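What Swiss-Prot records for this protein:
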type	residues	note
BINDING	G114, S115, N116, G117, K118, S119, T120	ATP binding site
Amino acid sequence: MMQNQYQGKIITIVGLGKTGLSCVAFFAEKQATIQVIDTREQPAGIEHLSDNVALHTGSLNLEWLLASDLIVMSPGLALATPEIQTAIQAGIEVVGDIELFVREAKAPIIAITGSNGKSTVTTLVSEMAQQAGIKVGMGGNIGIPALSLLNKGYELFVLELSSFQLETTYSLKAKAATILNVSQDHMDRYASGEHYRQAKLRIYENAEYVIVNDDDPLTYPLPSQSVGNLRHFAEHDAQYAIKYDQLCSGDQAVINTDQMLLTGRHNQLNALAAIALAEAAGINRTGIINGLRCYGGLAHRFQRVPTNDGVCWVNDSKATNVGSTVAALNGLPLSGTLYLLLGGDGKGADFSMLKALVNQPHIVCYCFGKDGKSLAELTTNSVLVDTMQQAIEQIRPLVKQGDMVLLSPACASLDQFNNFEERGDMFARLAQQAV
């Protein structure tokens, strides 16, 4: 692809923030004419724009869109937005930053999506590659925007991709790709669960290796899709499976589960997916094993908060959808009462999957936020409060040694917090104050 294909072209970037700024830097280097649109009056990152970048805030500028040679869309904006559809109908190409990245990337790409676990698997595979001595670039929907990884001499890219990012990606040819699982999420954006799944399935297009979850048939590619070698992981009876507390690749044991820092059955399945991806990309067994031994998981993902009260306080604030909370509750080892904190913005999700799991005599649900009332109706053993802080204040005098307080909200945080990290940090602070 010619280096100067964007020189002098009018490029409209819709949406600023970290990703938008990475697009601005990319096109500035290509000597394009850049204009930025953001529907917010004061978008994050506005102070980093140079004077030669045209800026329109507060709305979508249709005149600018229609004058573009190329539109680069933030994943936060739906393709169905009327102004974007008008531009598409006028013959203007609309892409996302991942599409730009894959057109330029020179090293193999491992691509990871799924409703839950994708950040864990992305960081775990990256750890395996590092342990194998491979110079690896990790980013996408986690950490660093993909375009910022270019021209750094990386030998392998590991990308976490959201359904929103995949909607505007057309040229991905991953070395290895996976959909870890599919459960309802973003129902405020998609017409149905099947539309959401269809967006995820785009990750498999022209992939050399496709890794599917045999415990979740929704992760299987469509018959019409052009995919390469199919590999399978599952709890039992798959190429990558758990046998006698060992993670196995075929007939070979890779590691005993008690040698891993990651805990929980859901994380063992995440580890199986990571092993399958790593092997498909040619990461050696030593790197895979050392990665599994060293990797301790992500902040806000089933993370124990250190306290000295004998109560297990667990921050799972990254559980922003129902499937993630289901994964946290399945097989949870409990000796006392579980005080479960649920709430936030459910994004139109169906909470009924939680009903059987929370209707247990040893579980008390404290429900808060925008969808707190709907969540409280799942069980008679629930308490409805306005905020997470109120919930913890009520729980504090009740907990005793052997109990667990679990923040696994099954909802996004944006109704009461800036992001799930802020929610998790507040939980950790309140947990330590509770002692």
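Every residue number used here counts from 1 along the chain in the order it is shown.
Even glycines carry a Cβ here, placed using N, Cα and C.
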Discussion item. On the three-state reduction of DSSP, what should I expect for K118 (ATP binding site)?
Written reply: helix
Worksheet item: S119, T120: which of these binding-site residues has the sparsest Cβ neighbourhood within 10 Å?
Response: S119
Worksheet item: If the ATP site is taken as the center of the Cβ atoms of G114, S115, N116, G117, K118, S119, T120, which further residues of that chain fall within 8 Å of it by their Cβ?
Response: I112, V121, L180, N181, N270, S324
Worksheet, complete the sentence: Within the same chain, the residues at least 6 apart in sequence whose Cβ is under 8 angstroms from that of N116 (ATP binding site) are L180, N181, S183, H266, A319, N321, G323, S324, A327
Worksheet, complete the sentence: Here the 10 Å Cβ neighbour count for G117 (ATP binding site) comes out at 26
Discussion item. Same chain only, sequence gap of 6 or more: which residues have a CB within under 8 Å of the CB of G114 (ATP binding site)?
Written reply: V121, T178, I179, L180, N181, V182, K200, T219
Response to the item:
CB neighbours within 10 A of K118 (ATP binding site), counting all protein chains shown, number 24
